[in-house]
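Asker: What Swiss-Prot shows for this protein is this:
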type: DOMAIN; residues: 177-352; note: domain 'VWFA'
type: CARBOHYD; residues: N433; note: N-linked glycosylation site
type: DOMAIN; residues: 467-556; note: domain 'Fibronectin type-III 3'
type: DOMAIN; residues: 557-644; note: domain 'Fibronectin type-III 4'
type: CARBOHYD; residues: N569; note: N-linked glycosylation site
type: CARBOHYD; residues: N604; note: N-linked glycosylation site
type: REGION; residues: 728-752; note: region 'Disordered'
type: CARBOHYD; residues: N771; note: N-linked glycosylation site
type: DOMAIN; residues: 840-1035; note: domain 'Laminin G-like'
type: REGION; residues: 1064-1220; note: region 'Disordered'
type: COMPBIAS; residues: 1069-1080; note: compositional bias 'Pro residues'
type: DOMAIN; residues: 1125-1174; note: domain 'Collagen-like 2'
type: REGION; residues: 1291-1320; note: region 'Disordered'
type: COMPBIAS; residues: 1302-1320; note: compositional bias 'Polar residues'
Amino acid sequence: MSLQGSYQHFCLWMFLGTTLALGQGQVSSRLRLAVLPEDQLQMKWREAEGSGLGFLVQVTPMAGDLEQELILTTKTPKATVGGLNPSKSYTLQIFELTDSGPILLARREFVIEDLKSQSLGRGSRRLAGATLEPTSLPLRGPDSEKTSEPSIAFTLSRDLPILDHPQFQCTPPTPADIIFLVDGSWSIGHNHFQQVKDFLASIITQFAIGPDKVQVGLTQYSGDPQTEWDLNSFQTKEQVLAAVHHLRYKGGNTFTGLALTHVLEQNLKPAAGVRPEAAKVLILVTDGKSQDDVRTAARILKDQDIDVFVVGVKNVDEAELKLLASQPLDITVHNVLDFPQLDTLAPLLSRLICQKIQGRGPVKPAAGTRVLDPLPTPTRLILTHATSSSIHLSWTPALYPPLKYLIVWQPSRGGAPKEVVVEGPVSSMELGNLTSSTEYLVSVLPVYESGVGKSLQGRATTAPLPPPGPLTLAAVTPRTLHVTWPPSAGVTQYLVQYLLATSTGEEQKREVHVGQPEVLLDGLEPGQDYDVSVQSLRGPEASEVQSIRARTSALGPPRHLTFSDVRYNSTCVSWEAQRPVRLVKVSYISSDGSHSGQTQVPGNLTSATLGPLSSSTMYTVRVTCFYLGGGSSVLTGHVTTQKAPSPGQLSVMELPGDAVKLSWLATALSGVLVYQIKWMPLGEGKAREISVPGTLGTATLPGLMKHVEYEITILAYYRDGTRSDPVSLRYTPSAASRSPPSSLALSSETPNSLQVNWTPPSGHVLHYRLNYTLASGSGPEKSISVPGTRSHAVLRDLMSATKYRVLVSAVYRAGESMAVSATYRTAACPALHPDSSLSGFDLMVAFGLVAKEYASIRGVAMEPSALGVVPTFTLFKDAQLMRRVSDIYPATLPPEHTIVFLVRLLPETPREAFALWQMMAEDFQPILGVLLDAGRKSLTYFNHDSRAALQEVTFDLQDAKKIFFGSFHKVHIAVGHSKVRLYVDCRKVAERPIGDAGSPPTGGFITLGRLAKARGPRSSSATFQLQMLQIVCSDTWADKDRCCEIPALRDGETCPAFPSACAYSSETPGPPGPQGPPGLPGRNGPPGQQGHPGPKGEPGPPGQTGPEGPGGQQGSPGTQGRAVQGPMGPPGAKGEKGDQGLSGLQGLSGQQGIPGKTGLQGPKGMRGLEGPAGLPGPPGPRGFQGLAGARGTNGERGAPGAVGPTGLPGSKGERGEKGEPQSLATIFQLVSQACESAIRTHVLKLNSFLHENARPPMPFMAETAKLGRPRSIDPGLHNEALLPGDWGHILRPEDQGEPVTISHTSNPRLQEVQTPESLE
């Protein structure tokens, strides 16, 4: 038979089986009955016009069963009743409820089996083996929602085979134990739980139940699991189905992990009916994520060789489902979008479970496995060492050690259980992270290869959280209390609460959380009592309260007035004050009342400096603190200033002629206005005196006669009029031989130093004194001392290019000689090379462009030069050579200089301008440098003038352009005061005027090859070759240079030969030749001159001791010894307890803490009681379009319309793409949808035809479906005949597409498919 013919017969068969025979009588003619799967009865009746308050459906059995009633709301003329006995007789009565009482609408007696027979008789012409059974939404009782009406859909029955296949019945060859673990939490609800029961019954129906076949057990779980019946509780299928029917809904939370542990502990015991030889299957049905850990129990179940199937509904955690289920996951994990879809999953899941059992075969214990029945259990569970967060467990192991132990614990008052698996033969462990003061129920389960033994249980209570130790006041001020306490073990933070002792309301109590066992309470009132309490916290747990009453100190006067750093004109006064102080006033007055003053300091300071004061005077000092409430009492003290300090360390140095130089050390740091110096001979003669400024420390005293003793006196006058005590010494100018050094010579080694050399005088010199200062006399004079055995010294840290005056004198025991002097200017630049007299800077060395350093510089390459020993360095575009000015120029660049470079421009040199060498400021702005522009073939020198304005000079003559022709050229740029000269290959090319240059910066950067348009520290460079780059500190070097590096300009007389030259000219001397043959003996020469003295002989024996010589002169003072710290000595004895220290200052207020993290979501609350019925809702939305009405009479024929113009032919469309081949599953699904749509259309048309005169038109049916992608079917997993309704469940959720709405028309061959976008 063709596929089209089969489809027509199949649709005809389904259409004929849609209506059951109606009973006789006018009342019964308004009632229609239909039998649904599992002996449910669906009824529909017609409403009377003006329906009353509702309907009462009463189904009364003839005998035996209880009466079941269902009250429906208005406009719901249909209902479904389940749980009926198919062989018993029932009476069905339907009443309309009105204000005057119930009115009978319909009455009928029926037997389920008779209704089935009538349906089969009327469908004798249908295809054999198929039936159509109506299915309804879940059964709704009086408590169900009343906002929606039941609707009818028609599906293929799965109780009968399709196309002559026998009905599916699983009779496995080996016994099987199937345990259902059903989620009964609040999230399921009563209505959906009924659908879960239907789902369980659909699975159980397809298995052969019996003691030697398949046994079924069931456990329902929520907050705590409960075994509804064990495996051996029922012997027949009817008993099991009856138990499913009477299964009651529990409600509660979702603790799947605890339920799995319950299965291990209770349902898999031999006493529960588990057979060792039977295959074991666990089927878990849940609709939510577990609130406890499931991994441990799931792993043990799978290790026990138990096949775990998981069925998830709605928003379940798919990752958790895969964690629970056995392998392979595509068979054992199933997820449906809603509870009504469980009915369609049952046939497929039954076949998969059957195939799994059949594939396992009989279970046999492994070789060497010891079968224990009953399984041994440990004994004597002891719970000890209970702390606030832990309990120690110990037990006596069983005689036969298990593979592992499963430890489960939870609070006895309820809460999420936790579990852990302990491997190996252990008998103790410690449970941590527990809650304090909580009783725990602990279970220990041994796990064997053959199952789980009986649990060993015990109870223990954790200790309370330890409170803080005794509170202690560490510091007290008027505004703060510093409280400390011993820390508590296992505490994360402390809660500190404090309140005025006189307060009566708790609302004034303040609290603070701290992490350390101390707290500083601030913002308190002075002189008040406070009650302070502290609690230990660990998460939500709190300990008992530890309290203390403390009192803040009252405001008072300052204390402990002390004086320090007492000088002749000032002193520092300090005090202690209580906080908070706004202002402190300090006043002082001299003892005679002639001098007084006062000062004010902020309240956060505790000291002040008083001055100016008079020397050697006693002062009375008074300190007053001012608070918010006023001033404190006065604290008084006395202090006496010191004498004005006198100059010290006087020394005299004899100068040439009749003058001497007096030197002294000023003991006062500042304040000296003038020094008064007086000298007079002790015999006859007049006294003389001079005054010098207070900033000096030396003075020249003229007119002193030889061999005359003088008394020299000096005293200091201060700015406040105070005079120091005079200081004097006696000095006699002597004519004794105190010869000064001679031949004083100065030279400049570096720009910052001077080399001083002299010829020592005759006589024993103790040391030499070197005084040096600026020749202009504007700066201070400095002095150094040189040992008498040396005749040279180096003066360092000098300014470059600056003239200095240096004086050198010899110091004898009898005094100091006259000083010899000389002046010299420090160098502006260092020597260009160590053995060169030319001064300047070699920038090749400064930038590391030498053979030993270039390899570490990016973008630089080196190659030997054919012109000589100087190598050639190539700078590429990625070379970024930059150095700080201070690293290259230790001194300032002189205004007259010459820039010398030997350069070659390459073909890849950019055509834009680049700076061969330039100086930049800190902001990378050019200040001084040389630009080469290969595009314009010009050379530009630029600098800043004295006004910091940029000035530049450009050379673009023909002789200058040859620099850009690709050969090496030596270029000199001589910069003078008013002009710049350009030399190319040691020949003057041009001269340009330029203004005076400003001083180049001592900071900034120096770069090589930087592109002129570049900005910032990172920039590109030009590509060129460089052999030489120097700056000579002279503008005349270009006229002296001979350009020996250029072969065409070499002169054999002035230029040395290249050591590495391959060929030599006739003008250049060659290397020495080989040694010639020995010559003939010569004549005897004249007598030689007297030879040099021979080497020193060996020391002779010691001589006899000579007489004692005269006493030697006093030696010079030795150098100061260096103290070396010795090893640390042993600790000394403990000293006596010191006085109590001063109170610390008030700390600053801490910053406000960041908000804590959001807490975890609490567990779902218990379902509340059902509320009263609400008010009627607003009118519903507009309904669907009704069915088409009866055809009307033909209207009059209209006038013919005008003929329109002939349209242009359209363009030929493009050929469509080849369609993808569809799988058999997709074709079958489309055929099924089309068939069902046609049947529904015909049913609606039939109903409309039968009742078109009695009721308004009904809306046509619309169903929501999802278009999916084709998916191949594994024939190895689905070897049973699949029912048509099963194809949709083989498609996974991820294979389904967007929802579409299929509207069925009156023509079964026409279907309008509308996407969600087209419906808007």
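Each residue, glycine too, has its Cβ placed from N, Cα and C.
Quick one: how deep are these features, and who are their neighbours?
Answerer: For the recorded site, N433 (N-linked glycosylation site), the DSSP three-state label reads coil. Residues within less than 8 Å, Cβ to Cβ, of N433 (N-linked glycosylation site) and separated from it by at least 6 positions along the same chain comprise S389, S390.
Spatially close to N569 (N-linked glycosylation site) yet at least six residues away along the chain are G611, P612, L613, S614, S615, T641, A644, G671, Y718, D720, T722, judged by Cβ distances under 8 angstroms.
All protein chains included, N604 (N-linked glycosylation site) registers 13 other Cβ atoms within 10 Å of its own Cβ.
Outside the region 'Disordered' (728-752), and at least 6 residues removed from its termini, the chain residues within Cβ reach (under 8 Å) are 650, 652, 654, 658, 660, 682, 704-714, 758-763, 768, 791, 794, 796-801, 804, 806, 808-810, 812, 814-830, 890-891.
Within the same chain, residues at least 6 positions away in sequence whose Cβ sits under 8 Å from that of N771 (N-linked glycosylation site) are E781, K782, S783, V806, L807, S809, A819. Secondary structure at N771 (N-linked glycosylation site), as computed by DSSP, is strand.
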Asker: If you run through the region 'Disordered' (728-752) with DSSP, how many residues end up as helix, strand and coil?
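Answerer: Per-class counts: 0 helix, 10 strand, 15 coil.
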Asker: When the pLDDT values for the domain 'VWFA' (177-352) are averaged, what is the result?
Answerer: 88
Asker: With DSSP helix as H/G/I and strand as E/B, how many residues of the domain 'Fibronectin type-III 3' (467-556) fall in helix, strand and coil?
Answerer: 3 helix, 44 strand, 43 coil
Asker: Three-state secondary structure of N604 (N-linked glycosylation site) from DSSP?
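Answerer: The residue in question, N604 (N-linked glycosylation site), is coil (DSSP, three-state).
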